[in-house]
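Asker: What Swiss-Prot shows for this protein is this:
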| type | residues | note |
| --- | --- | --- |
| COMPBIAS | 46-56 | compositional bias 'Low complexity' |
| REGION | 46-113 | region 'Disordered' |
| COMPBIAS | 57-74 | compositional bias 'Polar residues' |
| COMPBIAS | 81-98 | compositional bias 'Basic and acidic residues' |
| REGION | 177-525 | region 'Fatty acid alpha-dioxygenase' |
| BINDING | His276, His457 | heme b binding site |
| ACT_SITE | Tyr454 | active site |
| REGION | 732-1153 | region 'Epoxy alcohol synthase' |
Amino acid sequence: MDGAVRLDWTGLDLTGHEIHDGVPIASRVQVMVSFPLFKDQHIIMSSKESPSRKSSTIGQSTRNGSCQADTQKGQLPPVGEKPKPVKENPMKKLKEMSQRPLPTQHGDGTYPTEKKLTGIGEDLKHIRGYDVKTLLAMVKSKLKGEKLKDDKTMLMERVMQLVARLPTESKKRAELTDSLINELWESLDHPPLNYLGPEHSYRTPDGSYNHPFNPQLGAAGSRYARSVIPTVTPPGALPDPGLIFDSIMGRTPNSYRKHPNNVSSILWYWATIIIHDIFWTDPRDINTNKSSSYLDLAPLYGNSQEMQDSIRTFKDGRMKPDCYADKRLAGMPPGVSVLLIMFNRFHNHVAENLALINEGGRFNKPSDLLEGEAREAAWKKYDNDLFQVARLVTSGLYINITLVDYVRNIVNLNRVDTTWTLDPRQDAGAHVGTADGAERGTGNAVSAEFNLCYRWHSCISEKDSKFVEAQFQNIFGKPASEVRPDEMWKGFAKMEQNTPADPGQRTFGGFKRGPDGKFDDDDLVRCISEAVEDVAGAFGARNVPQAMKVVETMGIIQGRKWNVAGLNEFRKHFHLKPYSTFEDINSDPGVAEALRRLYDHPDNVELYPGLVAEEDKQPMVPGVGIAPTYTISRVVLSDAVCLVRGDRFYTTDFTPRNLTNWGYKEVDYDLSVNHGCVFYKLFIRAFPNHFKQNSVYAHYPMVVPSENKRILEALGRADLFDFEAPKYIPPRVNITSYGGAEYILETQEKYKVTWHEGLGFLMGEGGLKFMLSGDDPLHAQQRKCMAAQLYKDGWTEAVKAFYAGMMEELLVSKSYFLGNNKHRHVDIIRDVGNMVHVHFASQVFGLPLKTAKNPTGVFTEQEMYGILAAIFTTIFFDLDPSKSFPLRTKTREVCQKLAKLVEANVKLINKIPWSRGMFVGKPAKDEPLSIYGKTMIKGLKAHGLSDYDIAWSHVVPTSGAMVPNQAQVFAQAVDYYLSPAGMHYIPEIHMVALQPSTPETDALLLGYAMEGIRLAGTFGSYREAAVDDVVKEDNGRQVPVKAGDRVFVSFVDAARDPKHFPDPEVVNPRRPAKKYIHYGVGPHACLGRDASQIAITEMFRCLFRRRNVRRVPGPQGELKKVPRPGGFYVYMREDWGGLFPFPVTMRVMWDDE
């Protein structure tokens, strides 16, 4: 009976439960339900039935043996199968029981219980056909070594089915259950190593709580660890430390050896920072390390709360300008201090941008409604959150430079074309599809032995040796060679007392601070540049400066007090062959003989003197870069791995969630740029007005420039870099008034365009011929030629029809319903505004765009926009020097790929008259621009241009100049009208957009669009002064300009000039069109202005004729932008991991019932 519910039972079950109103209470009966959906099938709703009852179940045997039902579609949940009756022989059971012996084993008179597990034979009786498939799937997964499992196969559930069917006493059942439990257990850490809350999110000043369950492991103030247990009995009388230095360590006037690989002093300055980061022996107790055992950039941030507080401003997360916490570094060569100041500036850059971006509201400023202690506490938290996250980010750059730039030089990877690097943070395990690797984030404790391993004084250059000698003379009043160990500590203590407690008041290198607390950039750049040019010393015996004698003798004494193992014991611990002869230690006869006289037997050689006196390795490409002594080259790599892999802030907690997406990307390395090297980020961010974006001094400072030139020439990369010493680059001259802008842009003989450099870099000779590349007659002729092809008869109607049709097509195809299906949503920038111009340029210029209608294209819509936006940015908007090099190198690669494809297409069209080109499908008959691209190419050819010139001097640069700019103005105008300042104009725009297109309505819509652009646009243009001049601004200010100055004309203030725009904050769609300056004026005014205005008119019409256009709720509806000086903005990328010069994403919605 369709639609009826039928209950069926067979009376009382064997338990004799009572029946009320025909329904048994708690009886084991079968209840069957019939629904039309299930036809003649029945579903078992209760668990058990009489053995004689037969029934079917839905979904109890699917193709993989699972019991499933789709409860979302009206089906009832599945149930299990009816168990098979167990056949037993009562007489056999009775006989077994009667023959049992009396239970005498236990005192309580019970029989012992014996658990006897069944074997495979019994298991096979319970296995079904699909269980065999499950077993095979398990074996296959094991053999393939699958780490990530496809849970759509339901393998885990199928195993559960199999195990559930096996007998209770089955051995395989127990084994499979154990295996399942182990896998589930191992999916999580035990105990967990990562916890929530600021106390676990930020580094503590002293390094404690790096390991949550051993919080003092590696904290400042901890004891040194011991790496190797000393077992060899040392001689009763050891040689005098001073004699050891004179015999095998000290440098003589004729024995100095410069570094064989021409490594610069910068590498050793970096090593100095690392060494002082993790080692600070307490002079009152040499067993105690006053530093933490982590590379937490303590020389900058300090090892205690007091030290950290001394460098903070306690405002907006910033540090005091140009300072660092650790006084010890002030006594080092001044280049070390310059590196720390560069990190100081980077920290403040990070703190500023974290606040501006404010990812996820993480750094919201406290409410003005708070008062008293609550207000004070809120601002304190705001400052501390910014400071601590900025520290994590800055330390991230520190460790990336260490693991990529520094380590690549250590093992000579900088001389080969490889992206491999020894990054101890490399993840391993199931989630990355590899075997499990070494543990991460387990903490660290540095040892006394490694304190001795990191004393690389042989590598001090001649220049820095003189500095050390002068420092000793200044501190002790006598030459370093005359200073005794007992005087050493007293002298350093006195120096520390004389050093200002406030890091912001300290000086170094004879440099002076300015009124703003900063050092002069010219001084710092000169200092660090000279260090880049300074070849360091070589590792090995008899190369330590004489000025370091007292330091080295104290090191030998300290090693003896620590009772560290000898050189051979140390080597054996690291599985290195012990030395059997002194000639094995060093083949130099003089050094070997001195060691023999000092120690008698190689086993007696002490660790520290042995490490210094060992023979140094010769450079190997790759493999040996800094050419250390043999033992050092092995053990420092082990220590580097432990230092980094044990630090949770560089492993398990080094994530975008902790550093923010932007912070993580800001310091991340890209193996496709400089093979991952990121030192340039620190240099150029600290000194943007001195280091060019491609300065070899900034990119590869750990090798001297002359050697870098040899390396880069051999790798075929020398053309990417500038090898000149850095020098001051004057900042741009800013012109902000309407009249000043007109004057600069119209006076071509005095102010020249600056775009030739970017165009030439991207497109070579072809780019230099582009109409915007210069001010010569050639460029003016190129402009006329392109204008003649763009603006042919009927172009207005064709452009208008195209944008009207394409805008509607994209709004329909890219939008979607969410929620109650009454509102359509779309990303108006990413999926519509940017794309419509991509389609226009592709049709007009024959670009290889891949679409559903044109599947033979090469680049998708988003890829094409990305390429064209990168081209525009490189040529016209390359404003951030620290981001310029990766931008330019990556853009050139994709730009040339595009240009070569375009050139091939141009050749085909010009060679075969009837060809539509390589990338164009058959056009629709009503397609407005169906033959525009082909006609343009042939027209340019008719003007005498070569196929190369058409592609490289016209098509590609024109497309790059047009698409992102036009997309930008639409996005900014729409954003304005969706903002509180402009949203009350939307009803007026909507009414105009609903009316038929006429000259009047078109002009009115264009007026609204132009007003939105005027009020929200961020436009400007660069020129270079050819002569000295004085520019008179509208407010009477006179701006002096020197020949060679870069002049930036800002349209932001000019667009609000009340002289030209009365009531400038009010939208007036009827203002004279010629007043709008953002398309430029003069000889280089935007050639596509007329087409652009037709385009934005139709785009406004198409969008705003929709009802109730508005932002979607939440941050997806906002155009995320970050303010820059002069009223400009940059925009967050979609993942908020970086900044972009053009709007990226903003979602809107409208009513569509």
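Placed from the backbone N, Cα and C atoms, the Cβ positions cover glycine too.
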Asker: According to DSSP, which kind of secondary structure is His457 (heme b binding site) found in, if we only use helix, strand and coil?
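Answerer: DSSP assigns His457 (heme b binding site) to helix.
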Asker: So if I draw a 10 Å sphere around the Cβ of His276 (heme b binding site), how many other Cβ atoms end up inside it?
Answerer: 19
Asker: Sort out for me which one of Tyr454, His457 has the most neighbouring CB atoms within 10 A, since those are the recorded positions we care about.
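Answerer: The largest 10 Å Cβ neighbour count belongs to His457.
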Asker: Could you state the whole-number distance in Å separating the C-alpha atoms of the residue listed as 'active site' and His276 (heme b binding site)?
Answerer: 10
